[in-house]
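Written out below as structure tokens is the structure these notes cover.
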Amino acid sequence: MESIEQQLTELRTTLRHHEYLYHVMDAPEIPDAEYDRLMRELRELEAQHPDLITPDSPSQRVGAAPLAAFSQIRHEVPMLSLDNVFDEESFLAFNKRVQDRLKSGDKLTWCCELKLDGLAVSILYENGVLISAATRGDGTTGEDITSNVRTIRAIPLKLRGDNIPARLEVRGEVFLPQAGFEKINEEARRTGNKVFANPRNAAAGSLRQLDPRITAKRPLTFFCYGVGILEGGELPDTHLGRLLQFKAWGLPVSDRVTLCDSPEAVLDFYHKVEEDRPTLGFDIDGVVIKVNSMALQEQLGFVARAPRWAVAFKFPAQEQMTFVRDVEFQVGRTGAITPVARLEPVHVAGVLVSNATLHNADEIERLGLRIGDKVVIRRAGDVIPQVVNVVLSERPEETRPVEFPTHCPVCGSDVERVEGEAVARCTGGLICGAQRKESLKHFVSRRAMDVDGMGDKIIDQLVEKEYVHTPADLFRLTAGKLTGLDRMGPKSAQNVVNALEKAKETTFARFLYALGIREVGEATAAGLAAYFGTLEALEAASIDELQKVPDVGIVVATHVFNFFAEESNRDVIGQLLAEGIHWPAPIVVNADEIDSPFAGKTIVLTGSLSLMSRDDAKARLVALGAKVAGSVSKKTDLVIAGEAAGSKLAKAQELGIDVIDEAEMLRLLGV
């Protein structure tokens, strides 16, 4: 008997620990499925030994104590939780228990709802006015979150319509839609603040802020699903009828609530919701099934912590625990280096998962992850599995830190991470095998080297057949080699060779753009070319010197500097020049000596030009002593607006900057 008592003590201690983390700290350490498993184990053991049940056992209550920082509200009607089922057999057994208890052959009608993954709240209205709001807490006493709830736009401060009870306590779930969750985390990453592991944690953390102004900035919403106190009024005699009445009074109710007149219909509802789950826009972890008749609900009553007339039918767990065996680093097509956790395989949401993304070095630091750790893995819908958190309380003794590479694991080039950016990148854009296809496609594109007839499919084949490794290899191709590609005859092959020969004559700006330096678009490339004049001067420029170019800040300057600092990139540039790529020598323009309305002015082009290409317009303006910038600022002297000009035009008008159209530009150019 002693060993059974010890088992019970350990189970209760473990459950209390995780209840505290979940309800009080808003930092759950294990998946819900693992908590449910521990609770089932405790209940089964207590059922076998009822004399060992204690009043403070987690099986006898709902949750954990509320935070001391909030004042407390006592629930006049306890806020109980629901029992769970996890498969069709268990649901059908629940259905039979209800039928047997009612001792009636009549068919039951079930009201089925979504099981929202948020925070349960109670909201009290007196004469239709919101008086107070509280969390579930331990089911008997919750935290007073009235000030925070009043900031949630979905929750009416005053009910609308007629026949509103004198006192009405509605219950529901506060949750955070997926889009809002992503926005909060994006802002947190930008400002270096805490990133939430999932929408449920974000909703709880937002609702339980001591400063309501913070809550007001979070896009929380709410669905109503039940009632607690009802005084001085009446409600319909069915659960669905009550929800519809709440909706008429202005309370939000999910539009997925459905009546089912048989267990088979309930199962159909369950599977349909499971199928739609990835597209809902918010997290759910199952469906809730309730007897629709309020009279039958009353007849069925309650057990210690849950009603007999309702059950939560949970979906297969989207979170499971496993171990990180190693961390490897993948290089994407843009050079982004992503750490990937190699896991001890585990089934998550019906799929065997052996890898999970770790995003970047900041995420590894946030998690405090070490190789060998026990972790929680989450897989939702088609989302790539990710590590949610480390189970620190079960960290093995032999773990080791994750070391982020300083050199690209594919090509060996230096890895850069610009200040203010989370992603580390390979700087060997011209030689890196992982980036090869994308960098070559960019190099030959119309606005870059403009190699006519060399499309994406040709590049794909050239790389796959290992005919081409760097941009310089393109100019060594022969018609004979090209005929080895699919659907490439002798004539087409010769046309491509001719196009490559023609492309050798370009401009300095186009060449810079073709190199694919990160953050260097056409406008920035033109600015760099105009400012430095020669490739040699640009290659020798420091970060400070690069920032003297209009519209070039610290981030772009760092990318340019790191690109030219990488020896492999300089080698490829040397090979390109040796293959005959050239451009006209720069014409030094002194704006003071030019008689032109554009001389010495900083100009921005926006919208579509119909009579002249944007490149030609830029070239003519620069030749007349203008500086062409990519964005509008107080330093801008003139904006030339083509068709469908957008935000740049609006900003120019806001700043009072002169604006002319394409026709006026052509007139001033003398075209």
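Just so it is clear, glycine is given a Cβ too, placed from its N, Cα and C backbone atoms.
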Among Glu10, Glu113, Glu264, the candidate listed by Swiss-Prot alongside Asp32, Ala33, Glu34, Tyr35, Asp36, Ser81, Leu82, Arg136, Glu173, Lys290, Lys314 for NAD(+) is Glu113
Per Swiss-Prot: Zn(2+) is bound by Cys408, Cys411, Cys432, and from Cys260, Cys426 the site also lists Cys426
If you count the other CB atoms within 10 A of the CB of Lys115 (active site, N6-AMP-lysine intermediate), including all protein chains displayed, you should get 20
For Zn(2+), residues beyond Cys408, Cys411, Cys426, Cys432 with C-beta within 8 angstroms of the site's Cβ centre include exactly Val331, Gly335, Pro409, Val410, Gly412, Ser413, Thr427, Gly428, Gly429, Ile431, Gly433, Ala434, Gln435
The recorded positions listed are Asp32, Lys115, Arg136; by CA-CA distance, the one closest to Cys408 (Zn(2+) binding site) is Asp32
Cβ density check for Cys408 (Zn(2+) binding site), other Cβ within 10 Å (all protein chains) comes to 26
Most isolated by CB count within 10 A, of the binding-site residues Leu82, Cys426, Cys432, is Leu82
CB neighbours within 10 A of Glu34 (NAD(+) binding site), counting all protein chains shown, number 18
Among Lys115, Cys411, Cys426, Cys432, i.e. the recorded positions, the one with its Cα nearest that of Leu82 (NAD(+) binding site) is Lys115
For Lys115 (active site, N6-AMP-lysine intermediate), the closest of the binding-site residues by C-alpha position, picking from Asp32, Glu34, Cys426, Cys432, is Asp32
For Cys411 (Zn(2+) binding site), the nonlocal same-chain Cβ neighbours (under 8 Å, six or more residues apart) come out as Cys426, Gly428, Ile431, Cys432, Gly433, Ala434, Ser568
